[in-house]
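According to TrEMBL, the features are:
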TRANSMEM  B:6-24  transmembrane segment
TRANSMEM  B:31-51  transmembrane segment
DOMAIN    B:67-122  domain 'NADH:ubiquinone oxidoreductase chain 4 N-terminal'
TRANSMEM  B:71-100  transmembrane segment
TRANSMEM  B:107-125  transmembrane segment
DOMAIN    B:127-412  domain 'NADH:quinone oxidoreductase/Mrp antiporter transmembrane'
TRANSMEM  B:131-151  transmembrane segment
TRANSMEM  B:163-185  transmembrane segment
TRANSMEM  B:205-227  transmembrane segment
TRANSMEM  B:239-257  transmembrane segment
TRANSMEM  B:297-317  transmembrane segment
TRANSMEM  B:323-346  transmembrane segment
TRANSMEM  B:367-388  transmembrane segment
TRANSMEM  B:400-423  transmembrane segment
REGION    B:490-515  region 'Disordered'
Amino acid sequence: MIQAIVFLPLLAALVAGLGQRAIGPFASKLVTTGALFTSCALSWPIFLSFVTGTGQAEVVTVLHWVSSGALQFNWELRVDTLTAVMLVVITTVSALVHLYSWGYMEEDPDQPRFFAYLSLFTFAMLMLVTANNLVQMFFGWEGVGLASYLLIGFWYKKPSANAAAIKAFVVNRVGDLGFMLGIFGTFLVFGTVSIPEILAAAPGMAGSTITFLGMRLDTMTILCLLLFIGAMGKSAQLGLHTWLPDAMEGPTPVSALIHAATMVTAGVFMVCRLSPMFETSDVAQGVVMFVGAATCFFAATVATTQWDIKRVIAYSTCSQLGYMFFAAGAGAYGAAMFHLFTHAFFKALLFLGAGSVIHAMHHEQDMRYYGNLRKQIPITFWAMMLGTLAITGVGIAGVAGFAGFYSKDGILEAAFASGGGGVVAFWVGIFVAFLTSFYSWRLVFLTFYGKARWEQSEHIQHAVHDDHGHGHYDNAHAAHDDHSHHHDAHSDGTAGYHPHESPITMLIPLVLLSIGAVFAGIAFHHQFIYPEEGMAFWKGSMLAFDEHLMHAAHEVPLWVKWTPFTVMAIGLFLAWNSYIRNTTLPARFVAQFKLLHQFLYNKWYFDELYNILFIKPAFAIGRFFWKRGDEQTIDRFGPDGVAALVQGGTRLAVRLQSGYVYGYAFVMLLGLVGLASWAMVNFL
Amino acid sequence: MSGFPILSLMLAVPAIAAIACLFVGDKMARWVALGATLATFVLGCILWANFDIGGAQWQFQELHEGIFGRFNYALGIDGMALMLIMLSVFLMPLCILASWESIKSRVGLYMSMFLVMEVVMIGVFMAQDLLLFYIFFEAGLIPMYFIIGIWGGANRKYAAYKFFLYTLLGSVLMLIAMIAMIAEAGTTSIPVLLNYDFPVQMQTWLWLAFFASLAVKMPMWPVHTWLPDAHVQAPTAGSMILAGVLLKLGAYGFIRFMMPMFPDASGQLMWVVFGLSMIAVVYTSLVALVQSDMKKLIAYSSVAHMAIVTAGLFAFNQQGIEGALIIMLSHGVVSAALFFCVGVIYDRLHTREIDRYGGLAVNMPAYALFFMLFTMASIGLPGTSGFVGEFLSLAGIYEASSWVAFVCTTGIILGAAYMLYLYRRVVFGELTKDDVKAMPDLNPREWAVLAPLAAVALWMGVYPESFLAPMRGDVTTVVARLAPAKPAGDAHLAAGKPKAAEAHHGEAHHAGGVQ
């Protein structure tokens, strides 16, 4: 069963990718989408068996992989609660994204390649979450990185897409450096890369010390931190986050699947999978919590200022991943996984909703040129509305709420209950909840409310002026990065454009994900974060589920439970006040706090900083080594110098031109003959 | 199989064909060369099939004493030699196919040179006599000179000269060292010498003399500058065989001679190797980043990969050495494939300038797919051959020193940067240039070269056991030989006071490197 779930997408990817000429685009789409729906249908029973407590953890060995001395690992598929949660998240979102792409990518000439990449990604992600050893996890880890690279750069004619694709791969490799060193260190310390064996032995290593790069360090701390660097790369945490916003260059279904619901949560999954290791080091947990909280805060501040609808959601993702990490840092792994689970539904929903808006708006992504769309595309509007209610965590404590309400409040309560640094993280989380509400409602209000501002959009003007112009996804994007906005005659701001609701293949996924965004929290919160049910649910998955912490989390003071709702309401009010009631307010605010706005709008200048610190120097040093090192030092004093000494430079040059190759070969032969003669003379 | 001189036959087939090629017409020469290399490949497969894994260390031995005094004709292979012979005989027919159309002048001589090259390459791996080894080892240079010097690019004379100067200098020192070894041990038999304990003082000198020669062959920084020039000037198949097999001779010398014959010196001087390897990984990767010539870029990346091989070998443990051997095989396949990928478009446009291309994904989709696969294999994506070798050797290096492992692992970042940057400029982007637009996708001959290379790169990545199994015993022998000289790793794991009372103390025993 699990073999089918994992390998069907691979098979479909190969058929669609390599056989597209033979079977045609329609069959390619059918094969991949069919495979994913099959995987999805097989995954839910596994998940539900763990929910009802009948599921048993198992490991299926597929093939021997490597054995070198004590370093041995197989291709294995592990199924337990933690994997089952990921299985349903991955296969469900992936299946729906496949379906959605039938509509969204309809006019693209390269659809089989797109669907093959999507299925390939799903396979790699499934290999990652079913890994029973660190190396297979790394296989999945790099596999999703490859798929992400290919999909970000899917429109490969766009220079910006190519740059974003390389950036994503290379920045992730920085994280992988940590991951690889972490695996090496773990093998050195434990003598195995098998995850269950490592986790069983980890408590015994607590307090031991090891030398790393000349520093004497606590063993478990350094191992966890190295592995966590990998998680930071994949999950776009502060410092290694710069690739994620740029990854929005990829088609929107990709953003929903890879850069919101699944791949970017791999880091959180890894920390949860290895939670017994992290439990042995307070320092490592503290770092995880700190990085999570910092990312959470950073990304939310940037999200409040962006105009591109996808970038707002991308920063929102980054920020929500921060929540998951600080939950893990606080020891509330169940809460981290719960937020991962609910977030997958509502964030995929928001991205696909945004895709539907972009589709309706003729590839315009700038929210400044949206407005008043709720009547034009009502289903998209309601889907986005439900997604926003979920992400902002609307709900009434003790009664009912949207998905994000349960998971986010679970995180905040657990952080508060864990005490110490957790309380700081709690307050950061509260502030970010306020920002989340503000930027999410800002997005909804700018897009769906107010007056239509479409006429200023180049894309819309194109659509109005040449009606057939849908075909050029890539060209249209590349050419019109800078908008020259001339006003049209239409006084209603629509430029005479009529947005259309998306086709049915795009609406079905929106509706299904809306169900998840509404009910995923209320349906499963007992299993994920309640103390007793949680213990039963997570047993056999090796997750370090802390029953006491979850008890404490449920018994926090009432004000702790109500604060998230309160700040959500404040954020909603502020967004309404700024973008519906008093629309000049944002501009006045920006004028007032110009520096702050610039700082946030330019994403804290991380890209500029890295460019100066790493990219430019790498090229400069490379050129220096090449010209000054190889050519002007090694060659000058090496072969060229020898030549000059022996023969004088100019004469040599002439000789070289006149073909000395035979001469050299002749010298070699002479040497060999000499050797043979020597051997004969000496030994005869 | 016992008694049948299959190794001699494998030398004889290409040798006879080499002579034949000189006397038949151009068209015929191609077919003769292809037939002979394929026949040798089939013999190689028979050899592999009959190799007894876990059996005697040396198999298929042939010995004819006293042909030139005590200069014996002694052949025999162990698992490592078997794998490198397989690499050579596998690449050879592909090289012939790669030159099928691009070589137009003096085809007979060209094919003859390649066949001679095949003889000496597999001869190197078969030789069990020190002097026989030396002859094969140095004779390999002669056909390479001709290939670069006659069928090379515009600046071929300079490249051939540089190649000559570097390698000659080193090999003179190695020859002197070999003579000294024979004088000391009184034998030229490699199996005997492998277990001979040279005096420690002498080992150092011998080690340095061998190192001078092998470091050039690897090539290691700073004696690597001949390689980019040689590659740039060599014809496509010349680059394939240079990167595919000739670069492995240096590493083979390390593991066959220097490490087991001079274990004490190897232990003392490992820091020289580590130091140069660390510099090479970072230095040549950065240089590769700024290249505008495709072949130069791949040549520099080869130096970086070979640096991980040397560092892995000198980790002195099972993972490090097995990993290094797998990188050798993997790099042999992948870099040959990458050079062929360059050759495919060079044949169409006659330039190696990266900026002259762009947008090939549009008109050459099959090519783009293969090129992507080999790019990924080169940067060590798990599931491809590159990963297995890199991962094992770096894991081994980490056991020896976290510093060396850290610096060498940065190669995975830089490697991704320069390869993807190359791929982007050649394959992605807008297809604007008219002459590039006119380039057709792969023809059947090119498919026939790339498909087997791709299959092997994936096979080695998914199930490397096929390749590791024959070499395991030999590596264990080398590791055991090196064990007394091996310094402790820098980890110094020390048990602390565990949190939980029922702590597993057992794990502390793994301190300082697990075998």
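Even glycines carry a Cβ here, placed using N, Cα and C.
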*May I ask for the residues of the chain that lie six or more residues beyond the transmembrane segment (B:71-100) and have a Cβ under 8 Å from a Cβ within it?*
7-8, 10, 14, 30, 33-34, 37-38, 40-41, 43-44, 47-48, 51, 53, 57-65, 110-111, 114, 118, 121-122, 125-129, 131-132, 188-191, 235-237, 240-241, 244-245, 248, 252, 255-256, 325, 328-329, 332-333, 336, 340, 343, 445, 448-449, 452-453, 456, 467, 469-475
*asked:* Give me the DSSP three-state residue breakdown of the domain 'NADH:ubiquinone oxidoreductase chain 4 N-terminal' (B:67-122), ordered helix, strand, coil.
replied: 36 helix, 9 strand, 11 coil
*Are the transmembrane segment (B:131-151) and the transmembrane segment (B:239-257) near each other by the rule of at least 3 C-beta pairs under 8 angstroms (pairs 6 or more apart)?*
yes
_Folded-back contacts onto the transmembrane segment (B:131-151), same chain, C-beta under 8 angstroms, at least six residues removed_ = 71-74, 103, 105-106, 109-110, 113-114, 116-117, 120-121, 123-124, 157, 159-160, 163-164, 167, 171, 174-175, 178, 182, 188, 190, 230, 233-235, 237-238, 242, 246, 249, 253
*Any chance you could find the range in B:31-51, B:163-185, B:205-227, B:367-388 with the most Cβ pairs under 8 Å to the transmembrane segment (B:6-24)?*
B:31-51
*Surrounding residues of the transmembrane segment (B:367-388) on its own chain - C-beta under 8 Å, 6+ positions past either end*: 301, 305, 323, 326-327, 329-331, 333-335, 337-338, 341, 344-345, 360-361, 412, 415-416, 419-420, 422-423, 426-427, 441-442, 446, 450, 453-454, 456-462, 464
